[in-house]
Amino acid sequence: MTSALSYLPTVLALAVGAYEFRQYRTSTSPAAARALCLFALAMGAATALLAPPTRVALAQLPVHSPWPGVLGYLVGRELEMLALFFLVRAVLALELPGPSPSWTRHRTHRRHLCLTAAALALCTVTFLLGRARSTGEHVSAQGSGRIAVAVFDTVFTLYSLWCLCVFVLVVHRHARGLGRGALRTGLRLIVAGGLVGLLWAGWGFTSVAGMLARGQQSAGQDPVAVWLSSACLLLGGLGATAASWRPLTARPVRWLRAYQDHLMLRPLWAALRAVLPEDAVLAGPRRGVMFARYRRVIEIRDGYLALRPYLHPRTARWTAEALDRHPVPTARRAAAVEAAAIAVALECAAARLRGRAADARTEEVIGAPPAQRTDVVRDSLDAEAAWLARVARELTCSPAVAYARACAGRYVTEGG
């Protein structure tokens, strides 16, 4: 690995710190922004101090003593622990939207501070008791010193894993309660960075194994650790800056969302396509995925109109029975009811069975959300496509919808 790549984690950490420093004055949570700046500075200093070129330079100092290399390694590891301390402080202080875990209280800050102080003190004592020696690329110990240095590595690794687990759990909990948007995307990237960070921290157990088996371990960031740390900091940096991407990514995101909606609408569109009259199909050449999604939504709505003669007065009863047998969560219930009405009408249309005029409840469940569903607002093409995608998912995957369709099938087969 070249010297320049060895300092890639340092550059990424300092870039995150520079971004957070710029946001500090306008931040709604200055304590969190300050902690993130300190995290970036500590992590940047640690990765620079533990980079292989730095370790070699310390070993070549014109000082006839191993202490510069040994103390450099110890300070680098403890700076990493300090950086993780600030990372947890930041995420506990950050007022993110969405549900907050009940254990993010003031006393958690105090406990975290006490745990960090104890871990730093224990690491310092065990490392010095091990009388480790540094040769630039490796740290070694002899006799009982192996166990002391292995304890140091174990405490360092377990502390790192604990901090990153807390960080990932808190951010994931917040991200789960958000709708689609730049904030949720950013938090998901940060969670991904935290998961890579867990791999990076877990890699520390190789140092424990090396010290116990050979009395020797890497004196800093080996190639695997460099790549894992770089990936962790890159994902975290992308997540932290996600809000500033919007002008650059708005058009690609719209295209990807339209393409996703177009694919998710296909099952519903294919089911309704069979009952569409020929003159309801839009004509014209392809105009890209945005227009294709618009066209698919229009054709689905035309299919709804074409199904009206096949609406059956027993649809509401069959749907109620289906929901009793196969309960559906409240968030999915309205889409499942609409999908059940479509499935029943499709079954009747397939048998060319013209049902009597549908009752008022049946008219309500097909093509429009129930009146009490105030959270379903379809005032744009994006919202309409998202709603129809939910209906399509229920039509193809819901046991309740399959049961309602089976009831209609039995009725058709038995001749009413």
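Each residue, glycine too, has its Cβ placed from N, Cα and C.
Any TrEMBL annotation is an automated prediction that lacks curation.
Taken from TrEMBL, the feature transmembrane segment applies to 6-21 (among others). Away from its own ends, the transmembrane segment (6-21) comes close to residues 33, 36-37, 39-41, 43-44, 47-48, 51-53, 221, 226, 229-230, 233-234, 236-237, 240-241 of its chain (Cβ-Cβ under 8 Å, at least six residues beyond either end).
The transmembrane segment feature in TrEMBL is assigned to 33-51 (among others).
Residues 31-33, 35-36, 38-40, 42-43, 45-47, 49-50, 54-55, 58, 104, 108-109, 112-113, 116, 119-120, 123-124, 127-128, 132, 134, 139, 152, 156, 159-160, 163-164, 166-167, 170-171, 219-220 of the same chain sit 6 or more residues outside the transmembrane segment (71-92) yet have a Cβ under 8 Å from a Cβ within it. What TrEMBL lists as transmembrane segment is 71-92 (among others).
Annotation comment: TrEMBL describes 113-132 (among others) as transmembrane segment.
Residues 77, 80-81, 84-85, 87-88, 91, 101, 115-116, 119, 122-123, 126-127, 129-130, 132, 139, 141, 191, 194-195, 197-198, 201-202, 204-205, 207-208, 211-212, 217 of the same chain, all 6+ positions outside the transmembrane segment (147-169), place their C-beta atoms under 8 angstroms from a C-beta of that stretch. Marked as transmembrane segment by TrEMBL: 147-169 (among others).
Within its own chain, the transmembrane segment (189-212) is flanked in space by residues 141, 146-147, 149-150, 153-154, 156-157, 160-161, 164-165, 167-168, 171-172, 175, 218, 224-225, 228-229, 231-240, 242, which lie at least six positions past its ends and keep a Cβ under 8 Å from the stretch. Annotation source TrEMBL lists transmembrane segment at 189-212 (among others).
Remote same-chain residues near the transmembrane segment (224-245) are listed as 1, 5-6, 8-9, 12-13, 15-16, 19-20, 36, 43, 47, 51, 182-183, 185-194, 196-197, 199-200, 203, 218 (criterion: CB distance under 8 Å, separation of at least six residues from the stretch ends). Sequence annotations record features per position, and here TrEMBL assigns transmembrane segment to 224-245 (among others).
Annotation comment: TrEMBL describes 254-395 as domain 'DUF6545'.
Away from its own ends, the transmembrane segment (113-132) comes close to residues 70, 73-74, 77-78, 81-82, 85, 139-142, 145-149, 151-152, 155-156, 159, 162 of its chain (Cβ-Cβ under 8 Å, at least six residues beyond either end). Within the model, the domain 'DUF6545' (254-395) carries an average pLDDT of 76.
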